Amino acid sequence: SLTKAERTIIGSMWTKISSQADTIGTETLERLFASYPQAKTYFPHFDLNPGSAQLRAHGSKVLAAVGEAVKSIDNVSAALAKLSELHAYVLRVDPVNFKFLSHCLLVTLASHFPADLTAEAHAAWDKFLTIVSGVLTEKYR
């Protein structure tokens, strides 16, 4: 679980991130599809060209879910339960993709907030996103 210091870091950075959530979400997905093209197979009905309306809409949803997890940092499992079920039972997303997405989000945060993403903040976000990924894959077990 996260320490009080880690929660503080995530909460304070989230206030900055949330004002740019759509851009960051879109960039994160663009980075995911460029780095891990196999992830595109889950979006056969999407226009996956950079900046497409569908990519922007889904990027916005991804960051909204991260925001829900930040808001419910003490109970991420409850906050993301429906999303976990959707990805496990309906969409059947390979769990490794959540690790890939987390990595791409960290890289995107580093590019937008270089001064804020210190080693300590990077470690806190990595730990937090590992918790989020764990919740999103817990229904697979």
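Just so it is clear, glycine is given a Cβ too, placed from its N, Cα and C backbone atoms.
Going by Swiss-Prot, these are the annotated features:
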MOD_RES   Ser1  N-acetylserine
DOMAIN    1-141  domain 'Globin'
MOD_RES   Thr28  phosphothreonine
MOD_RES   Ser52  phosphoserine
BINDING   His58, His87  heme b binding site
MOD_RES   Ser72  phosphoserine
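Swiss-Prot feature annotations superimposed on the structure.
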residue : record              : DSSP (3 states)
Ser1    : N-acetylserine      : coil
Thr28   : phosphothreonine    : helix
Ser52   : phosphoserine       : coil
His58   : heme b binding site : helix
Ser72   : phosphoserine       : coil
His87   : heme b binding site : helix
His87 (heme b binding site) versus Ser52 (phosphoserine) - Cα distance in angstrom: 22
Among His58, His87, the one of these binding-site residues whose Cβ has the fewest neighbouring Cβ atoms within 10 Å: His58
Proximal residue to Ser1 (N-acetylserine) among recorded positions Thr28, His58, Ser72 (C-alpha distance): Ser72
Neighbour-count leader, CB within 10 A, modified residues: Thr28, Ser52, Ser72: Thr28
Alpha-carbon distance [His87 (heme b binding site); Ser72 (phosphoserine)] in Å: 20
Average model confidence [pLDDT] within the domain 'Globin' (1-141): 93
Whole-number Å value for how far the residue listed as 'phosphothreonine' lies from His58 (heme b binding site) (Cα to Cα): 10
Distance from Thr28 (phosphothreonine) back to His87 (heme b binding site), taken between C-alpha atoms, in Å: 18
All-chain count of other Cβ atoms within 10 Å of Ser1 (N-acetylserine): 8
